[in-house]
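Sequence annotations record features per position, and here TrEMBL assigns repeat 'HEAT' to B:12-50, B:166-204, B:205-243, B:244-282, B:283-320, B:326-364, B:365-403, B:404-442, B:482-520, B:521-559. Taken from TrEMBL, the feature domain 'Phosphatase 2A Regulatory Subunit A helical' applies to B:89-270.
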Amino acid sequence: MSSAATTAPSVDKVDGFSRKSVRKARQKRAQSSSQFRSQDKPIELVQLPLLKDVSAQEQPELFLKKLQQCCTLFDFLDTLSDLKMKEYKRSTLNELVDYVTLSRGYLTEQTYPEVVKMVSCNIFRTLPPSDSNEFDPEEDEPTLEASWPHLQLVYEFFIRFLESQEFQPSVAKKYIDQKFVLQLLELFDSEDPRERDCLKTVLHRIYGKFLGLRAFIRKQINNIFLCFVYETEHFNGVAELLEILGSIINGFALPLKAEHKQFLVKVLLPLHTVRSLSLFHAQLAYCIVQFLEKDPTLTEPVIRGLLKFWPKTCSQKEVMFLGELEEILDVIEPTQFVKIQEPLFKLIARCVSSPHFQVAERALYYWNNEYIMSLIEENSSVILPIMFASLYRISKEHWNPAISALIYNVLKAFMEMNSALFDELAANYKSDRQRERKKDKEREDLWRKLEELELRRGIQNSDGVIPT
Amino acid sequence: MAGADSDDSLYPIAVLIDELRNEDVQLRLNSIKKLSTIALALGVERTRTELLPFLTDTIYDEDEVLLALAEQLGNFTMLVGGPEYVHCLLPPLESLATVEETVVRDKAVESLRKISHEHSPVDLEVHFEPLVKRLASGDWFTSRTSACGLFSVCYPRVSSTVKAEIRQHFRTLCSDDTPMVRRAAASKLGEFAKVLELEYVKSDIISLFTALASDEQDSVRLLAVEAGVSIATLLPQEDLEALVMPTLRQAAEDKSWRVRYMVADKFSDLQKAVGPEITKNDLVPAFQNLLKDCEAEVRAAAANKVKEFCENLPEDSRETIIMTHILPCVKELVSDTNQHVKSALASVIMGLSTILGKDNTIEHLLPLFLAQLKDECPEVRLNIISNLDCVNEVIGIRQLSQSLLPAIVELAEDAKWRVRLAIIEYMPLLAGQLGVEFFDEKLNSLCMAWLVDHVYAIREAATCNLMKLVEKFGAEWAQNTIVPKVLGMANDPNYLHRMTTLFCINALSEVCGQEITTKHMLPVVFKMSNDQVANVRFNVAKSLQKIGPVLDSNCLQTEVKPVLEKLASDQDMDVKYFAQEAISGEFCNCCSRVLCNFAKTKVSNPKRYSLSKLRLCHAPLKRLVLTRPHISTSLCGNISIMPPKCSRKERRRGFSNRSNVEAAMSDRRCVFQCESKSTLFGLPEVDARARERARERERARESESFPTSKGRYISIKACQHILLHQIHKIMIFKKASYDPFKLKN
């Protein structure tokens, strides 16, 4: 083998499809914007005087003029074009932001349509295609919006406008209507996290001020989520929308409407099935716990839902689910606990015996939670028999010593809780295993018999069609 | 389950119920997958009265189980008693069609569509259509989504009043307030239009289409584009302009790039649907705009369609349109900033040359080809090279060869091995078009360089490439140019290169023929059997096995066998193993050769040769077929062993159940065929041609008999079905220590 060692070809490190090279190429244009359609002529805007330089009577008119000027859009992918005008628009927007924050009495009826028009012109656009086909929000760098220098100021202006003391929803609702909200919600798919953050504030303000739009907003968010779960599995703003929903749920009146319960069961719970759950799991769990704090009777459907959607092949998600479950158990009422303890602990028994030590560990941490411990203790006669077999088996077999130690503690805790039952289970352990094995064998026999039966039937009416 | 033994017929349902409630999903799934078995065991009546209600009631389960159930129910018609009872299947499928999970729902709809054809027109109105209506007016969006897919299957076969109702329902769903339902409706719009009467297409569908195409959600609008294409094919030419074109024109300029992309993607379908006049007036400018779109995605989709679009232009004005409208855009795309656009263009641009003819190609297209051949992106260059044959037909490849060469050389040395691999695959094609002299002069050294590439996949492809080149240029060329260089590598200090020599020999021996193999290659292989690296040695054993069929049996006997025997006593375990493999593999080859020889001699002198000389055991025979399904062509053309007609997996698992062993001579006199009677794969298919041949053979000669070990004669009628163990018996071993190398011709 010596010759092999000395003359083995040098392995070219650069070779293979290293993603680095791809990345590099992408970083060059990690900015993108679909906002601008090529225009050949350079843009000219007439420089207007500053608002503070004119008399109070002239201010409203100048304000409107400035708003109209700000409807002009610039191409930010071309970094060299219209530099002067871009700077002018930026300073004008800055001025507008200050103006709506500080001045009083500027909000006349005519300003509302102009403000909404200016905002719509700037922010509503078709989002550009994602650079990579499979944009993975965890792995890939987000594509940043190129026109952000202006966009940011527009958002800021709009937020200040909505928050201003003089703002009157009754007037604005003519302009901030369902169509406006729909377009706003579509923007939540933006890859740029800065933009989504602004949108979150905007939507939250709108939800707070426009009572007439509330039901509509909730419904559209439902649609976005359902489409995300069942159709595309792609939407960038799920976490932000859930954050808004968290505070919305907090404000729900009791008793909960059927619509809200349906939202919990048919929309929020299925969100758990999505591959990219990790990106919004914290917000999702918060929403769910909010619901349960409002109405404890929902605990059973929620936990059953979680059990239904329990991840079978993704340990990472399993850990997340276990975390959420602990949060739920933290607020569970003992009466509710009794209702779901059996299926729940069958699942926990399975998690405890997971070969993935993080899953097992996360499940075993439940025994460090005093409230959960007290619940287990109250119901030990039910829970112990469910848990015992897995714990007993794993205590001897698990490859990870830390897990074995944890299991040992759990077994000890159980022994102290109900030593009589514990001893009985330990004594019956072997015979139970044998019974299980026998049952498996019986099942096999049953199937075999079934096949024979089928064969016989097939032969009996051999002229019939045998579907396979 | 207790007492189930007393009544056999209760058994299946007991098992099913028991298993359906099991905690283990897998067991529930097994149970559902065996549903047809259970139904069969139950009989049609009990399936209808017991099984189906039970299933309808228990639908709340894991989606995986539901999916299996939905699929099963689509094939249940016979199991519930045939078409007259098929409506019994509707209730469970209806609830499955309302499930949230898209996969389950789609499967349920698929099954519903399938069984809808088995309904009689009366049943369709009494049972099926009410179901569609219920779904269409369901509360939750899922049932309404499912309903969209069911209208078109029941519409053609119901009365006109019901038809009117169906149209009404569809109209309602098209303006549903959830976008999911509108999307479903939009995607089924084209299909529904096809089954509608033309008057309703004009009155109903067009307005729905227009509404969907201006939906506020772009995901709905883009689906409407596809529907628009289908609708356009249905309408008479004179109505198109007024009814469809305004909407389609608007779609081509939609503010959402997704919609524009869809238009670009469906452009050639659209072109075919609207006919030449509209194409000239409307589509050409639209296509130009798409080629100049501001989103690269749209440009790439449009670039992909350039060739097809040009091909389908009306002939009278084709050339002028291309030259004045399309070509300028194409020229711009050649230097696009986005590499996907360029490579999309590169994959079709060569096709334009056949449309434009020689002169235009040389004047206008050639500069573009040359520019793309020098593109910085390897994919673009590859796409050009892979389509060279189009240009070759029009102007000949010579025009390009000056620019081609640097491009090829650069790709051949690209840092990405996948690029190198791709260019190797085009080598035989290039060699064929450039001719042997050009190849020897410029490309030969490249082909040799690949043999010592540091990526195995490249070396492997390079050996395969050599084989194809030899097939093209002939054995003599191989002997003069390739073989010496390949054999020279046997002395390379790097063992990987020495192994490459062996791999090349494996690939080349067959195409080079017996003489070159025996004279030039074999000595080198023998020499390498003393290599100090074990990997080389066991590859020698493998090579000997591979090239065995090319050698004559005398050489096998006197030269190959001793080497293999020596290797079989090597101290390295692997070498030993492969040497033994080779010996038994040789044995296989020998067996088959004997079989052929036997067939030959038997015909010329049937009495003299008895089969006692022919020994084949079951195992090597099986292996022979399993490992070399291609043997029929490669092995002297004398013996063909036909692999059973089944998937590879089945072949691996249950091969011994059914295989045809056909030892046929060149004049096809003798055929053994064995086939087990197992029903594992259903009834054996008997090739009609084989049967025909068999009859001929039967006529040609009376019965011929072969002796068995016990002295009895089994008569083999040609093509008679006999079990494998019978053929086994025919080819019995008389002695346990059988030495294949002792057989002489």
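The backbone N, Cα and C atoms fix where each Cβ goes, glycine too.
No curator has checked TrEMBL annotations; they are predicted automatically.
Summarised by DSSP class, the composition of the repeat 'HEAT' (B:283-320) is 30 helix, 0 strand, 8 coil. For the repeat 'HEAT' (B:365-403), the residues of the chain that approach it from at least six positions outside its boundaries are 330-331, 334-335, 339, 342-343, 345-354, 356-358, 410-411, 414, 416, 419, 422-423, 426, 429-430, 433-434, 438, judged by C-beta separation under 8 angstroms. Within the same chain, residues 448, 451-452, 459-460, 463-464, 466-467, 469-471, 475, 527-528, 531, 533, 535-536, 539-540, 542-543, 546-547, 549-552, 555, 634 sit at least 6 positions outside the repeat 'HEAT' (B:482-520) and bring their C-beta atoms closer than 8 Å to a C-beta of that stretch. Helix, strand and coil residue tallies for the repeat 'HEAT' (B:166-204), in that order: 33 helix, 0 strand, 6 coil [DSSP]. Across the repeat 'HEAT' (B:244-282), mean pLDDT in this model comes to 88. The repeat 'HEAT' (B:482-520): residue composition by secondary structure is 35 helix, 0 strand, 4 coil, according to DSSP. Assigned with DSSP, the residues of the repeat 'HEAT' (B:12-50) fall into helix, strand and coil as follows: 33 helix, 0 strand, 6 coil. In the repeat 'HEAT' (B:365-403), the DSSP tally of helix, strand and coil residues is 32 helix, 0 strand, 7 coil.
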